[in-house]
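K.L.:
I am attaching a structure below and will ask some questions about it afterwards.
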C-alpha cells in the first residue's frame, strides 16, 4: 500500500535557525525552513537515490500526430480545428498543475504517478480504436485523456529533483526536462515509421503506448520522495502575486505558452508544404527535439556561473527571433538550422523556469503550488495558442502570420523575465541570477 507519509530515511536536522546564507557542509546544503524555525533541511546534492529519482524523472510527440491528422487522418477538418486537439492537451498538461502541485506538496507523489500512468494507458488503447475523420474520438483521447495524464505526472516529475538538490537544482531540472525531449527525438521517428509503413496508425499507437507504459512503471519504481509532506494549510497566493518578481515571471510564462508550441507542432508540416523531401521532413521534429535535449541540460550546467535568470531571459528572446526567421525555412539547410537553434533556445526556456520559480520560494514546500498556479493560467492560454496559429495559417498556409505571432510572443516573454530579474537583482544586490 502506498503511503503519503514521509520516508523513514529522510534527513531532517533539528538545529538552530539558519539566518544567514545556506550552509554547505560535506557536499550537502542545509537550508532553513521558515514554517518551522527550529528546523533545517539537508539537501544531499547527489547520492544514489538522488540520481535514481532524477533518472526516473528523465524517463511530446504531438507534432507527428498534427502532421498525420492534417494530411491523412482528419482531412475533413482544418489545421485550426485540429489545433484544438493539441491546444486542449497543452492546457490540461499544465493547468492541472494547480491541483497536482498542491497534492504533490501534500505527499501524494506516488498516487499521482500511478493515476497518470493508468489514464495514459486507457487513452492510448482508446485512440487505437478511433476511426478516420472521427474528430471527437481523437479529441477525447489524444487531447483530453493524454493531456490529463501528462498534467498529473508533469509537476511531480519535476518536483522530485527539488527534494535532493539545492545548489545543483538548475542542472537537476535540466536533466529531468531533457528526458521528454529525448523521448521526443525517438518517438516521432518511430511513429512516422509506423504510420507510413505496413504497421499503420492503429497498431503503431498501441506499440508506442506499450513502450510508454513500461517506462512509466520503471520511473515509478525507482523514484523516491524525500522531504516531509506539507501540512494542510492555506498558501498566501495573493501575497505571492504582490511579489513583483513572481508576478513578472507569471506574466512571462503566459507569453511563453502563446508562442512555444507552434514550431513544435508545425515544423514538419511546414517542411512538407515547402516542397522538402518527405523523408527529411519527417526527421525535422526529431532534429528540433534532439537540440532541445542539449538546450535543457547545458543551461543547468551554466546557470551557477551565468545565472538562471540571465539565461532564461536571453534564451526566450533568441527563441522568438528564430521563430520569426522560420518563414525563410524553405530548404533542407534552413529547416535544419531553424530546428537546431529553436530546439536549443526553447529547450533552455523550458528547463530554467522551474529552477527560477524554486529560487523565489521561501521554502521548497511552496514549489508545487507556485508552479501549479503559474502553469494553470499559462496552460489556459496554451489551449488557444495552437488554434490561433492554425487560424492565422489558414488552409492557404500563410506562414508569416503564425511565425510572427509565435516569435513576438516569445520575445515579450523574455522581456518579462528580464523585468522579474530586475526586481530580484535589486532585492539581492547581485547580477548573477
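Placed from the backbone N, Cα and C atoms, the Cβ positions cover glycine too.
For reference, TrEMBL lists these features for the protein:
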type	residues	note
TRANSMEM	50-70	transmembrane segment
TRANSMEM	82-101	transmembrane segment
TRANSMEM	108-129	transmembrane segment
TRANSMEM	135-160	transmembrane segment
TRANSMEM	172-195	transmembrane segment
TRANSMEM	207-225	transmembrane segment
DOMAIN	245-433	domain 'Major facilitator superfamily (MFS) profile'
TRANSMEM	246-268	transmembrane segment
TRANSMEM	280-299	transmembrane segment
TRANSMEM	311-329	transmembrane segment
TRANSMEM	335-361	transmembrane segment
TRANSMEM	373-392	transmembrane segment
TRANSMEM	404-424	transmembrane segment
K.L.:
Return the stretch with the most CB pairs under 8 A relative to the transmembrane segment (82-101), choosing among 108-129, 246-268, 311-329, 373-392, 404-424.
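P.N.:
When the Cβ pairs under 8 Å are tallied, 373-392 comes out ahead.
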K.L.:
How about long-range neighbours of the transmembrane segment (404-424): same chain, 6 or more residues beyond its ends, C-beta under 8 Å?
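P.N.:
244-249, 251-256, 258-260, 262-263, 309-310, 312-324, 326, 346, 349, 356, 359-360, 385, 388-389, 392, 433.
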K.L.:
For the transmembrane segment (373-392) and the transmembrane segment (246-268), check the count of CB pairs under 8 Å (sequence separation 6 or more) and say whether it reaches 3 or more.
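P.N.:
In contact, yes.
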